[in-house]
Amino acid sequence: MDPTAPLADTIAAIATAVVPEQGSVGIVRLSGSRALPIVQAIFTPARRNAVWESHRLLYGWIRDEKGQILDEALAVWMQAPRSYTREDVAELHCHGGIMVVQATLQQCLRQGARLAQPGEFSLRAFLNGRIDLTQAESVADLVAARSPQAARMALAGLQGKLGGSIRALRQELLGLLAEIEARLDFEEDLPPLDVAAWQARLQAIQTQIQALLATAERGQLLRTGVKVAIVGRPNVGKSSLLNAWSGQDRAIVTDLPGTTRDVVESHLVVKGIPVQLLDTAGIRATEDPVERLGVERSQRLAQAADVLVLVIDAQAGWTAADAAIYESIRHRPLILVINKTDLAPPEGIPLPPEIAHRVPAVAAQGKGIPELEEALEQLVTQGRPQPNLEISLNQRQAAALQQAQASLEQVGQAIQAQLPLDFWSIDLRGALHALGQITGEEISESVLDQIFSRFCIGK
């Protein structure tokens, strides 16, 4: 985002997803002092004597510069400060689809609006005090949420629960700092500092910070999810496994080896974790140039996956081809699925003992999927109990909170070394600055630019 973009401009953007297919509704949003005049210039209410009232929808038509009707639509004006940005905001609710919505946006730009930059509506909401920085980031998280749990966490952040926790910590630290600075300025008029009680309050704050930091890893997992690639030689049941796991017939299943020649993708949620599931082409040497390209692409995607699911055929046993594939991926996070166990020999199959996560399955019958999901959760969480999070930190917030914790540890060391109160004060201020970076009370323009540039246009 361009930090020099004038905040006095009236901005406009498409606020709904733009897809090639026809959508039912498309929304063009404006914010700024000229939002209402611009909409009035291109929107004709159906009622001739219609009155523009804040937060009231009007029915009518959007017209181009020649007066030709572009669409039948609804318009709404939200007078400052009762709007998302705390500026005058207006919206045009059109029929969905690219042509109508883009034509409506162009008319807004013709009337003097500037095309909004990514995240500029949320940036204005932040700069105008409507939301803090944790809430702004939660807007992006809510839009990008890929699981119910991630959406709930983002909504809690949007409601200010994380920001409230951080501000409460800042207030407690400010209280500790006030006691220090009072004794620096008025030492003769005050009793000696009760260091033990003061330090107990400091440690209580550190405990709260540590509890918040513990949410970061799980929160990141719920936000970003994991990429899982199903690999193996041809005709071992990889496509059947993908279909059974995703609950959809996404991949073609036949008895012919080499049927899957490209990567088939599916998305699902496993125990709250978003999973991007990739069914790759069977790995084998082949003279078929199309299949060979599929195999090469599969190998590249497997290298980029977070977790590999190696599928073998229980009836055929552990073959030389299976062993060769395993050797190439053995140092990666791995789950071994022993498919077609209903056809396995009674004496069992000798397998490499170091493979910890093994799941027997009959993919064609949907058997083994719960066990596979359990193994995946164990692998990505390293077997640690997972909290049911209400709020969690993102990477930026966690880094700032770690800075705050490090500063407070420096205070503890200063106390142990019996250093003067000035040293305590310096590190307390460092912790306060780090906490202020989380909520946006102390933040640089470059960091704001980095945060809001990740938003989509219209948010």
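Backbone N, Cα and C define each Cβ position, glycine as well.
Since we're looking at a predicted model, the values are computed, not measured.
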In Swiss-Prot, the (6S)-5-formyl-5,6,7,8-tetrahydrofolate site includes Arg29, Glu91, Arg130. Which of Lys367, Lys459 does it also list there? Lys459
Using C-alpha atoms, which one of the binding-site residues Asn235, Lys238, Ser239 comes nearest to Glu91 ((6S)-5-formyl-5,6,7,8-tetrahydrofolate binding site)? Ser239
Rounded to an integer, what is the Cα-Cα distance in Å between Asn235 (K(+) binding site) and Arg29 ((6S)-5-formyl-5,6,7,8-tetrahydrofolate binding site)? 52
Just checking, which of Arg29, Arg130, Lys238, Lys459 (binding-site residues) has the fewest C-beta atoms within 10 Å of its C-beta? Arg130
Using a 10 angstroms cut-off on Cβ to Cβ distances, just flag whichever of Asn235, Ser239 is the loneliest among these binding-site residues. Asn235
Cβ neighbour count (within 10 Å, all chains shown) around Glu91 ((6S)-5-formyl-5,6,7,8-tetrahydrofolate binding site): 21
